[in-house]
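Working notes, structure below.
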Amino acid sequence: MALTHNLGFPRIGARRELKFALESYWKGESSRDALEAVGADLRRRHWQDQAALDLVPVGDFAFYDQVLDMSFTLGNLPERVQGFDGHPLDNAFRVARGRSADIAETHCCSAACSGVAAGEMTKWFDTNYHYIVPEFAASTSFKLDASRLLAQLAEAQAAGVRAKPVIIGPVTYLALGKAKDGSDKLGLLDRLLPVYVELLEALAGAGAEWVQIDEPLLVTELNAEWQHAFNRAYHALKASRVKLLLATYFGQLLENRYLAATLPVAGLHVDAISGRDDVEPLLGLLPAHKVLSLGVVNGRNIWKTDLGATLDWLEPVAERLGERLWIAPSCSLLHVPVDLDSEDALDGEIKSWLAFAKQKLDELRVLVAALNHGRDTVSAELAANRAACDARRNSPRVNDPAVKAAVAAITPQSGARQSPYAVRAAKQAAHLRLPRFPTTTIGSFPQTAEIRQARRRFKAGEIDDAAYRAAMQDEIAHSVRAQEALGLDVLVHGEAERNDMVEYFGEQLDGYAFSRFGWVQSYGSRCVKPPILFGDVRRPRPMTVEWTRYGQSLTEKPMKGMLTGPVTLLNWSFVRDDQPRAESCKQLALTIRDEVADLEKAGVRVIQIDEAALREGLPLRRSQWKTYLGWAVESFRIAANGVADETQIHTHMCYSEFNDIIEAIAAMDADVITIETSRSDMELLDAFDHFSYPNEIGPGVYDIHSPNIPTPQHIVNLIKKAAERIPAERLWINPDCGLKTRQWNEVIPALGNMVAAARTLRAGWQETGRAG
């Protein structure tokens, strides 16, 4: 009899209950006890949602991030928070955000600002989830504190849950971190493993039979040293009284199959969506006692599983494995929304093609029933699934011959600017007349309660189009006045009218659909609601021109047009799986190209095309990067390069460790790139030690994800560090990212200090010819 289990459940709640509880606590509006109560209620409800499973994950819930929780479980706390005597949860928030609440801290451990320096944040493998990077040094020590995990396990057991604790494995944990002193992370493995032994013993003592130990690092290309680390680690853990389910996901094992199959664990989970080709070889490699868990329901996308086709493949596997077969989603369901049944306004036909987290668990129920008791026992469910899958395949809404013809007509010239960068730069300098070290922002300003209320009322039909436009124009005017008062050089209209940098565009493109409650966690309390790219994409009308033109009418300074690039639109959407992603990306590129042309016709001479998610789409295996970067860069160039030399094209990339893709970024040929660098203390600019980047660059000078306010001198120091690698005449000064999640009382002083820093740098340049 096959068993079912889950690797993890979305923690934010069907109505984003965790988000609102966190933000209330951070603002000082509610107590820690109230926050803990919300967490307990969410865990209880989520365990109920998974009640039909044979094993339910415990420990997948985190108030901020599961990697951060693992750091605290292992006693790996940054020194800068060790002096705080507060609750561990507050210390976790200090590491993640720079402070535990949005009030002044009584301690200051950073020269840059009040509070402490926030931990570095980066993408979780190739997803849109972000984790707080563990910090290591040669002197790092570990000490177990499993109190939170053990409390959740006891909570689940008391609720009658068949609990399977979930932890991040030791090798992946080390790989996820960064050695701040340049020491060898793997040198810490021998210190770390005894803490894992102690943790597993504590879980066994608390009644756990199985522990899921996540090692997604196994789907990446590992050198011999890291492969050996897996053998060392799991031979050290093999005496544990609990049974270990080693979980891999997000890709194929390939050359790591033998390693994964022969590690001394009781079971192995593989992603049978992206790594199906691993399964047949593993069947021959696995010892006869070992469980094989197959992730047969896609945990990263929202399309219904074709249950009939899955059973056709799975039934012979079940015959060979018998009771050693477990089935599950491919990965944690953290990456999909909670419940499709909440969607009361989604197009009915499109809704019938989808499955969110709860529906994916129901798909597991149908699959295991068919495997264990025959397809006849779930014939009605299988028939309904088959009808939905057939309808999607055959729907005329999915295919647009005109769009396919436009993509077929793309030529190499479609992605070429009229002149090389040096020629363009001279024309742009003469036209824009910007000072040295020009200042700008990345696009968005705070989305206030008034803005959100106006948008809600407009969508609910409580105010008409004229009233909504007037409200948005008032907000745009406020943003423009604030920027002029601060002395910024290139302004933005503030994006008051935009709910999300992807959803806003998707709502105006044919081929997209939208949920009301399809939220997924990006980091901490930050949630995104990815659009659903279900068919060929067409732009019926201009999307941003009216708002940008209005913003420009209020100022004599340059106003940036703000667009989301095709690669980011793709990577931050739930993308159709019936054609190559490259094809969908080119369709999106043509829609953005048309919008760029319309902005230019409206007199906009600075246009930013955000590609925040360019790196996110990189395959986990470096050997596959060239293909992805080829079509991604081509798509950006198609979108950006239909303009005159005088029009300055910007692009923005956040959280992008881009040292290893700098040549591809240069090939995009944007006139200006702005990037996230402040959390990494300009380490991201190391790429320029060995690569002469030809165009202009704005290294982010303060971390917008933290409420801390940088000092002018801190910003000056960062830009001086940047000027060691980038010629000062090609440097811009800007925040790391958009400001929509911040408050005006944070934004104004931070930008004021940024402008003050620019003036200091200009004065120094005039006196010495050097920055500052």
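Any Cβ shown, glycine's included, is placed from N, Cα and C.
A simple way to gauge crowding: the CB of H705 (active site, proton donor) has 24 other CB atoms within 10 angstroms, across all the protein chains here. DSSP assigns H705 (active site, proton donor) to coil, not to a helix or a strand. Positions annotated as active site, proton donor by Swiss-Prot: H705.
Summarising the annotation, Swiss-Prot assigns 5-methyltetrahydropteroyltri-L-glutamate binding site to R16, E17, L18, K19, K123, R526, C527, W572, E616. A simple way to gauge crowding: the CB of C527 (5-methyltetrahydropteroyltri-L-glutamate binding site) has 19 other CB atoms within 10 angstroms, across all the protein chains here. DSSP assigns C527 (5-methyltetrahydropteroyltri-L-glutamate binding site) to a strand segment in the three-state reduction.
S444 (L-methionine binding site) falls within a strand segment according to DSSP. Taken from Swiss-Prot, the feature L-methionine binding site covers I442, G443, S444, E495, D610.
For D610 (L-methionine binding site), applying a Cβ distance below 8 Å and a minimum sequence separation of six or more within one chain yields I442, G443, M501, M562, L563, T564, G565, T568, T651, H652. Residues or ranges marked as L-homocysteine binding site in Swiss-Prot (evidence: sequence analysis): I442, G443, S444, E495, D610.
Taken from Swiss-Prot, the feature Zn(2+) binding site applies to H652, C654, E676, C737. Residue density at E676 (Zn(2+) binding site): 27 other Cβ atoms are found within 10 A of its Cβ, drawing on all protein chains shown. Under the three-state DSSP scheme, E676 (Zn(2+) binding site) falls in the coil class.
E495 (L-methionine binding site) is surrounded by 26 other CB atoms, counting those within 10 A of its CB over all protein chains shown. Relative to H705 (active site, proton donor), the binding-site residues with Cα atoms inside 10 Å are C737, the candidates having been R16, K123, E495, E676, C737. Taking the Cα atom of each, S444 (L-methionine binding site) and C737 (Zn(2+) binding site) are about 9 angstrom apart.
Annotated L-homocysteine site I442, G443, S444, E495, D610; additional same-chain residues within 8 Å of its Cβ mean position, judged by their own Cβ, are T441, V492, M501, M562, Q608, H652, C737, G738, L739, K740. Across the annotated binding residues for L-methionine (I442, G443, S444, E495, D610), the two most widely spaced Cα atoms sit 13 Å apart.
Ranked by CA distance from K123 (5-methyltetrahydropteroyltri-L-glutamate binding site), the binding-site residues E495, C654, E676, C737 have C654 at the top as the closest.
Shown are the binding-site residues K123, G443, S444, H652, C654; the one with the most C-beta atoms within 10 angstroms of its own C-beta is H652.
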